[in-house]
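Enquirer: Take a look at the following structure, please.
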Amino acid sequence: MDPVAGSRYRFGPHEIAERQVFRTSPLSFAIVNLRPTRPVHVLICPKSLVKRFADLSPDETRDLWIMAKDIGVRVEQYQRASSLTFTIQDGPHSGQTVPHVHVHIVPRRKEDFENNDNNNGMMNAKNETLDLDIERKDRTMEEMAQEAKEYRALFS
């Protein structure tokens, strides 16, 4: 479903602008990433403010993963990728920086990694580990809104 006009979305302590949301379901929403690690790096979140994966209800878990699967198929085709990375960082010691369950979806290509056994999802195309606080830059709301608009069209 497309986002409903006037809806409010929260990602942990952050209010998410409706323009960043490109897909919703009864219990989840999909947003573009403020600081993507790769092109078309998107996030799927439950609508409820749940900090840890184990605290999701069975219905929320199903909805989150069904939406992740559906969006993954579309963004992989859109990016002309050959694979996808699905990642959940669950808890502060896992690298989770926003206390709200979310699935990262990152389209991948063969050239992304020399050795796929070293693929932790947070490396750049040169096979170098990213210092996520230094190398990724916040994008503007206009950039994110334009990207979300492009992704909404994938589901029209």
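Glycine is treated like the rest: Cβ placed from N, Cα and C.
In TrEMBL, annotation is done automatically, which means it is predicted and not curated.
These came from TrEMBL, pasted as-is:
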ACT_SITE  H102  active site, tele-AMP-histidine intermediate
BINDING   H14, N33, Q89, G95, Q96, T97, V98, H104  substrate binding site
COILED    127-154  coiled coil
DOMAIN    7-115  domain 'HIT'
MOTIF     100-104  motif 'Histidine triad motif'
Enquirer: Helix, strand, coil residue numbers for the domain 'HIT' (7-115) per DSSP?
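Expert: Across the domain 'HIT' (7-115), DSSP assigns the residues as follows: 33 helix, 31 strand, 45 coil.
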Enquirer: Taking the Cβ of Q96 (substrate binding site) as the centre, count every other Cβ atom within 10 Å, in any protein chain shown.
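Expert: Excluding its own Cβ, the number within 10 Å is 18.
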Enquirer: In the structure shown, which of the recorded positions H14, H102, H104 has the fewest Cβ neighbours within 10 Å?
Expert: H14
Enquirer: If I take the Cα of H102 (active site, tele-AMP-histidine intermediate) as reference, which of the binding-site residues H14, G95, Q96 has the closest Cα?
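Expert: Out of the listed candidates, the nearest Cα belongs to Q96.
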Enquirer: Please determine which of the binding-site residues listed here (N33, Q89, T97) has the lowest count of neighbouring CB atoms within 10 Å.
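Expert: Among the binding-site residues N33, Q89, T97, the lowest count of other Cβ atoms within 10 Å belongs to T97.
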